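Q: Below you'll find the structure I mean.
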Amino acid sequence: MKKGIHPNYVEITATCSCGNVIKTHSTVGHDLNLDVCGKCHPFFTGKQRVVDTGGRVERFNKRFSIPGSK
């Protein structure tokens, strides 16, 4: 590798709003504040929910289904 052309690769801490602290390496050069992480994101905690806005799926299926196909 050439000398003097690569950015500094330093250890930083990424702090989540839930209080989780993650130590990692980055070229950013300063600590990061995160909104969500793997400990508090709904997908990873199992609290994710599927929202069907006003029966849109049923409305679509009713409109574009082929009569007599069921």
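Please read every residue number as a count from 1 along the shown chain.
Glycine residues also receive a Cβ, built from the backbone N, Cα and C atoms like all the rest.
Here Swiss-Prot flags Cys16, Cys18, Cys37, Cys40 as Zn(2+) binding site.
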Q: If you count Cβ atoms within 10 Å of the Cβ of Cys18 (Zn(2+) binding site), leaving out that atom itself, what do you get?
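A: Around the Cβ of Cys18 (Zn(2+) binding site), 12 other Cβ atoms lie within 10 Å.
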Q: Starting from the Cβ centroid of Cys16, Cys18, Cys37, Cys40, which together make up the recorded Zn(2+) site, report each further residue of the same chain whose Cβ lies within 8 Å of that point, ordered by sequence.
A: Ser17, Gly19, Asn20, Leu34, Val36, Gly38, Lys39, His41
Q: I want to verify one value. Collapsing DSSP to three states, which class is Cys16 (Zn(2+) binding site)?
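A: It is in a strand.
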